[in-house]
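A.B. asks: Attaching a single structure in structure tokens format; questions to follow.
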């Protein structure tokens, strides 16, 4: 009887792990100015969410660097434009820009970086996106962030 109870408990625990929300995503970037996804979905049950950015290309960050910035969709282009003068040392982001929800640093070939942010910063009725703020990259390197 005890063995059955233990077995049932373990199966219940294991199935709970299978259905737990995945509160992390890895996004790859390339020398062809692209991310490997156009959409990031965040489960409402996540307290925090982590985005890991990798760069599978061969070029250094000063030539083909990438970062990943999360903001409201309406703020994406203004953030990228305002960040141009900040330069690579500040990840092409204006210092203290509170329109930025989260961002990784600019990385080059073979590098990776991650950022973890509080999901409570996102509202269900707002549209969010992600993009690369390296000059000129936002035109091809962007996608949606959805709270589901």
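Note that the numbers count up from 1, one per residue, in the order the chain is shown.
For all residues, glycine too, the Cβ spot is worked out from N, Cα and C.
Note that this is a predicted model, so its numbers are computed, not measured.
Annotated Cu cation binding site per Swiss-Prot: 66, 132, 137, 141, in sequence order. Summarising the annotation, Swiss-Prot assigns disulfide bond to 23-46 and lists similarity to another entry as the type of evidence. Taken from Swiss-Prot, the feature domain 'Plastocyanin-like' applies to 21-148, supported by sequence analysis. As annotated by Swiss-Prot, signal peptide applies to 1-20.
Are these features on the surface or tucked inside, and what touches them?
C.D. replies: Taking all protein chains in view, 21 other C-beta atoms sit within 10 angstroms of the C-beta of residue 137 (Cu cation binding site).
When other Cβ atoms within 10 Å of the Cβ of residue 46 (disulfide bond) are tallied across all protein chains shown, the result is 18.
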A.B. asks: Can you check which residues sit near residue 23 (disulfide bond), meaning Cβ under 8 Å from its Cβ, same chain, 6 or more apart in sequence, and list them in order?
C.D. replies: 42, 43, 46, 47, 48, 49, 50, 119
A.B. asks: Within 8 Å of the Cβ centre of 66, 132, 137, 141, which other residues of the chain have their Cβ, at the recorded Cu cation site?
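C.D. replies: For the Cu cation site, the extra neighbours are 29, 33, 35, 67, 68, 131, 133, 134, 138, 140.
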A.B. asks: CB neighbours of residue 141 (Cu cation binding site) within 10 A?
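C.D. replies: Taking all protein chains shown, residue 141 (Cu cation binding site) has 23 Cβ neighbours within 10 Å.
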A.B. asks: Tell me, what is the mean pLDDT of the domain 'Plastocyanin-like' (21-148)?
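C.D. replies: Mean per-residue confidence for the domain 'Plastocyanin-like' (21-148): 98 out of 100.
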A.B. asks: For a quick check of packing: other C-beta atoms within 10 Å of the C-beta of residue 132 (Cu cation binding site), how many?
C.D. replies: 27
